[in-house]
Structures are given as structure tokens and as C-alpha cells.
Amino acid sequence: MPLSEMSRLLPKDRKLRKWVITVLIITFLLVASLMIYSVIQIALHLFRLLFKNLSLFMSTVEGNYTQVNTTIPYENEYVNTGGAMNLTTGVFRAPIAGTYVFNFNAPRYSSDQNVPLCLNVRMDLNNLPVANGPICGYSYEKWTEASLVAVLDLKQNDTVGVYLQQGEIRGDYSVRSNHSHTHFTGFLMYEKSAFHAFRTNDSFASRRNDTVPFHGVNTNVGSNFDLETSTFTAPINGTYYFQFIGSSSTTTDVNLQKNDVELMGYGYTRSMHWGSAGFHSLWQLQEGDKVCTKLAMGKLEEASKESKITNLVGFLVAEEEYDSFNTSVYFHVARTSGLYAGNNNKLVVNYTVVHSNEGDGMNAASGIFKAPQPGIYAFHFTAHKGTGYISPMDSCSTVIQMHNNLTIGVGSNCDMTYSAPIFFHSILHLEIDDEIKMVMTEGDMMGADHYNESARFSGYLIYPDE
């Protein structure tokens, strides 16, 4: 229709005509914005579907591994889309360029009662170290876990593997047998905001809740982590995942704080040797919120500038904006009281605090997550052994993860000083209404007050099914 004819349809009154034109312009802009947003959501949906078929894996080791100075191979896999993970060599080869998230945990075991023995594992990118996870103790402190985390920018055909530098990885013992303790997971993430910061200088000690200084970054997508202040600033409203790994030879408490006030995560160690003060958190942030790690007391150890023992990672899990494909599913729950299973009494771990539950899949009272939609999910669990179940030489707390009636794997801590946490990370494909739960099979779990939750369970949908 010619403009001359269109103008005849407008009111003759000048003020009314101006008002109508303004309304039409606003309507046009709203419709255009909705169309652009829909295109972006369709592209994001296609991205998730494409990458789901390319790059994610969960590999496990059932038995012992003792071949020092070699890359750790694996025996089983729960997912391995695209076949990028080679179980025999233990090496993941990136099928496409992008930002990848990796987690590894394995139990230390020592057979000599009188000598403190160490397990030291190292994550390598193209045979160069990007993170280390040492943990030490006596034989009665067996099954304390070493843990690694990394967020890495990879080029196509870059390789990532975990290298055994020292010690023994143990895979079978007492009631902790027949299930895998050693797990290696990885997935390609949606690149919007992600970082991996590490320390390289000498050990850092504090009793004043000082910010933990970091000295380098492996990844800083969006440049939201400031090395000068060692602080992450949220670029948009959304839910973010954070994970901290650090080692200490003394009583040490580490906090993750938002805007220097709100406590988001807490980890500690009470070891005389090299214990792990690791933890994770899934938290909703507003644009401009600042997140940093605080050392409330104790010391974080660094063996050398190349070790990169202390690591902090974070990345965006879900934007706050409405998702037209309804793909935002995530939860973060915690316990504030202890849990006692004794010896061979199976208890489902339930939770007293709900930090988030988008999609309503998590029932905190029962401790069971039921998938509201099918797809690939990531799960993270951290807990500390309690002090109520201690017997000489063998004081263990063990937690297993179950997918419906299938046991996925095990996390244990047999340290009499409750110095090291129990870690568990998994990546699983779930059908709608599939159930995930953490079950305590022996020992007890440390309780904490509301401000120091040491038992946390979180999960999120990485890639939805079509």
C-alpha cells in the first residue's frame, strides 16, 4: 500500500495521529524483538542438539591403578557421544573448538600404616599440566579423594587426560567394592561466561577472611574474572556454577562469597598432611554481583609454580530470561544437620535447604531428583565425613549415586580426622521421570549450621533431547 494511502488511514487530529504513530512504532519494535529472540532461542536449541551429539563423556575405573608417570585409562563409560573419549588411552580429543568443562576424582590408598603416602594426579592439555590434585595421609586415612576441575578453551584435536604422578588409585575395598570410585567427566558448554583461575605462587595463609589471590587464568570467556582483584563479576542475570579445589596441610576454612556478604559455598580440611578443601555451588546472581573466594583461616599450599593446585572455576548454567523451549532445569540443595548410616545401613541423603529448584525436579525431603524432561544432565555432590562413626584403622563414610536402581559410582572417605570431602561428579542421560539419588551406605555425614553447609547436591540440564 502506498504511503499516501496509508496516511489517509491515520486520524486527522495531529495529537491523535502522533499517538497512533508512536503506538505503531512500539508495536513494530516489540514484534521485531520477539522475532529476534525466537531466532536466538531456535539457534541455541539447535546448538544444544548438535553439541549433545559431539562432545560429552563419563568414564570410570573399577579396579586399582598403580602405573606412575602414565595417563590413566578407563574401563567403562556411561556416555561418550561422538566417541571423543578413548577409554584405552585415557585421552579425550576435542572434535571441535570450544570451551569444555572437566572433572576428575579418585581415591588415595596406602598399604603402609606408618608412612604418610600421597596420591598426586595431574590434568594435562596437550601433555602440559593445567591442574594438580595432591592428597596425603597414613594407611588408616585411606580412601581420601583427590579431585581435579578445569574449564578449558580447546582447539579441534586438542587432547586432555589425567596423569598419575605419584601413589596408587584404589578401586576395591570392603563394602566399597564392585562400584567405580574413579570418575572422569567432560562436556562442551555454551560459551557465554566461563573462567578457570589458578594459583602459582607460594602458599597463602590468612586468619582475616582475606580474598584468595589468583595468578593466572586458563579460560576467561567474556573477561568477567578480574585477576587483579581475583573477583568474578556476573555479566547477566542468571544461575552460575562454581567449584573450588585447594590443598592444605593444616586446619583450613575456605568460603565463596557474593558481594563480600552472602555465603555461597564452604569447604574445609583438618589434615596434618595434604587434605583437600574443595566444594561446589550453584547460585543465582544478578548482573554486577561480585563473587570471590575467602580464606577464613589456615593455609593453601602450592608445591611449585607449575603445580596449579589451587583452582577456581565458574560458568553460566542458565539465563534468567524466559526460555521458550523450557530447557532450564537445575537445582541446588544442602544439609544443615548430620546423617548417620552406621555399618551397611542404606539411607537416602535428603536435604534441609533448597537454594534453587528450577523445573521442580528435586524433592529435598526425599532426596530424590526426578527428571522433568529428557536429556543430558550433570550432577555434583560434596560432603564431609562426620566424627560419630570412628573405629581404629577403619572409619569410613561412603556415598553412592543411583540412577533408578543402577549404582553409578561411589565416593568414600576413611580419614579419621574427617579432613577430606567426599566428591562425586557424573554426566548421565535421563529419560523423563528417571530418578537420581545419593545413598549413604556406611558411616556418617558431617552436619553444619545454616551458614556453613558442607553437604551439597546440585544438578543441571546440559543438553535437552529433541
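Every residue gets a Cβ built from N, Cα and C, even glycine.
Since this is a predicted model, take the numbers as computed values, not measurements.
As written in TrEMBL, here are the features:
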TRANSMEM  21-47  transmembrane segment
DOMAIN    188-323  domain 'C1q'
DOMAIN    324-466  domain 'C1q'
Check the domain 'C1q' (324-466) for me and report the mean pLDDT.
83
The domain 'C1q' (188-323): DSSP-derived helix, strand, coil residue counts:
0 helix, 74 strand, 62 coil
Go ahead and report the DSSP secondary structure tallies for the domain 'C1q' (324-466): helix first, then strand, then coil.
0 helix, 84 strand, 59 coil
